[in-house]
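Asks: Sharing a structure here in structure tokens format.
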């Protein structure tokens, strides 16, 4: 999760988020190069006294500053399209999780395992544990296995919500009457926090999401305990 004065992106916990960070750095490098070049040219124009009274046109320089930006845009667009289709690909998921957005909580269904269902509410500040995170911790966490392909189906029961986990590179809109899906792969254990990132009402930021990534054998034990109970 983000910490105080953290200006960069969160540490990735999935291959998709790693690729998003790589693309961010790639695009940022191109932007810095353009900014430095244009800034240098403007600086030189402001502080020189060169005058050409007879300069009316310059086809060569106009061709250069038309073609060069198009080439630069290709260097941004091609990796962007590759990443866009990679994010949308569903690759033989091991576990399917269904998330339903309500005001102001999430409902989850594990339809692969005897249809385990539960609601996940934010823990109020006055009930929060000493080591808890205000406005981020929930009473029922989503438990998922690490090193497994996870598919998530997202919808909403009332208004538009958005199921977002920054560390996993996942953001799926939950629209009433529509079922959206995406996939992710958690490559390390831990707790990963997110929130509804859609403007769905006055308290839209207080719909936290907590994913607990555990080894596969711990996940099977958790599933067995919840099925038996």
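Every residue, even glycine, has its Cβ placed from backbone N, Cα and C.
What you are looking at is a predicted structure, and each value in this text was computed from that prediction instead of being measured.
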Asks: Between the candidate ranges 63-85, 86-108, where does TrEMBL place the transmembrane segment annotation?
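Replies: That would be 63-85, the stretch labelled transmembrane segment in TrEMBL.
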Asks: For the transmembrane segment entry in TrEMBL, name the matching range from 2-26, 27-51.
Replies: 27-51
Asks: Mind checking which residues reach the transmembrane segment (63-85)? Cβ under 8 Å, same chain, six or more beyond either end.
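Replies: Hits for the transmembrane segment (63-85): 19-20, 23, 26-27, 30, 34.
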Asks: Restricting to the same chain and to residues at least six past its boundaries, which positions have a Cβ under 8 Å from a Cβ of the transmembrane segment (27-51)?
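Replies: Contacts of the transmembrane segment (27-51) (Cβ under 8 Å, skipping residues fewer than 6 from its ends): 72, 75-76.
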Asks: DSSP-wise, what's the residue breakdown of the domain 'Cytochrome oxidase subunit II copper A binding' (92-225) into helix, strand and coil?
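Replies: Across the domain 'Cytochrome oxidase subunit II copper A binding' (92-225), DSSP assigns the residues as follows: 19 helix, 64 strand, 51 coil.
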Asks: Please give the average pLDDT for the domain 'Cytochrome oxidase subunit II copper A binding' (92-225) in this predicted model.
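Replies: For the domain 'Cytochrome oxidase subunit II copper A binding' (92-225), the model's average pLDDT rounds to 91.
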